[in-house]
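Let me begin by presenting the structure, written as C-alpha cells, before commenting on it.
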Ligand code: KG4
Ligand code: ZN
C-alpha cells in the first residue's frame, strides 16, 4: 500500500485566512478558517489593504492550529500547499510568504495552487469516489466558469462570465436593495419570501448562440433601473420580489448553460463549486434539472463551498502527485488563469 501524503495548505486570497491538513487529497484532518467578514461589512465590501493586514495578524496562528487540530507536528507533513492566484495581490502575498518561509524552514516541497482549482477540488473531499471526467461550475464572488475537467489537473474552460461574476452580481444587487455585505446569503434568504415571477429581468443575449458564456452586469443594471423607476414614481418596492426575481434570472442562466455543457461533453455529472454554490435556489433548481436529464448533481457542503484551506490542500495533493514543485521564488499572480502555471 502506498504511503499517505499529508499536505498543510494555506489560503489567503481574499477575506478568509485558512489553513488545513489534508491526507491524500480527500481526508480533512483540520480546516481552520478565520473570517474577516465582520470587519469588511462596515465598509460594504472587502477592503484589500485591511484584508492584507488581518491576514498578517493571524496566518501563523491559523497554521499552528491546523497542525494541532490534525494531531500532528510540522515535521509530519509532506508538502506545503498555498494559493498563489487569482485573488487580491496583497492578501495572496501574505499566505504565500508564510508558506514559502515554512517550506524553507522545514525543508519540504512547496506546491503553488490555483484558487479556482481549489474550489473545484472541494468536490473530491465531499465525494470520496469522484473521478474525472465531469463538468464543473465554479460560481464565486470573483469568478464564474463552466469547466470540463478531463483528468486531475486538466481543465478546459467551456464558458465564463464576460463581465461581473455571479457572486459579484449578488453582492451589488444586495447593496442596492439595502441588504449589506456579503449579499449572496442575504438575497438567498429574502428571496424565499418573494415571488420569482413578479419582475421579468432580461438575460444577456450573445451573437453566438452556442456560447456557454455568462454576463451579469446587464442584469444588475436592469435591477438598478427598476429600483430607480419605482423611486421616481414614488411607488413601494417589494424587496423580496426583487430578490426572488433577480435570483431566478441568475440561477436559470447558470443552470441552462451547465446542462448544455454536459450535453456537449456527453458527461453525466456536474460538480458545483465556489461561494454561490451555497445558494439554496441554485441547489434546488440544478438538482431538479439533473433529475429530468439523468445527470448527477454534486455540491460540496457549505463550509467547503466558500473559501477554505482544505480545498487548497486537496488541489495541492493532485498537483503534488503530478510532480508539481514550486520554487521559493514563486510570486502571487492576481489574475492567474485556470490551467496556467
Ligand atoms: O468562493 P467565495 O467564498 O470567495 C471568492 O473566491 O470569491 O465566494 C464568495 C461569494 C460572495 O459573492 C457571496 O455573496 C457569495 O459567494 N455567496 C452566495 C451565497 N453564499 C455566499 N451567493 C448566493 N447565495 C448564497 N447562499
Ligand atoms: Zn473563492
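Quick reminder: no glycine exception, Cβ is built from N, Cα and C everywhere.
Whatever TrEMBL says is automated annotation, not expert-curated.
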According to TrEMBL, 138, 139, 140, 141, 142, 184, 188, 279 bind substrate; which of 164, 171, 208 is also listed for that site? 171
Around the Cβ of residue 140 (substrate binding site), other Cβ atoms found within 10 Å total 24
What is the pLDDT of the domain 'Gcp-like' (27-313) when averaged and given as a whole number? 95
Near ligand 2 by the Cβ criterion (under 6 Å), the binding-site residues from 138, 140, 184, 279, 307 are 140, 307
Can you list, in sequence order, the residues of the same chain other than 115, 119, 307 whose CB lies within 8 Å of the CB centroid of the Fe cation site? 11, 13, 14, 83, 116, 118, 140, 274, 308, 311, 312
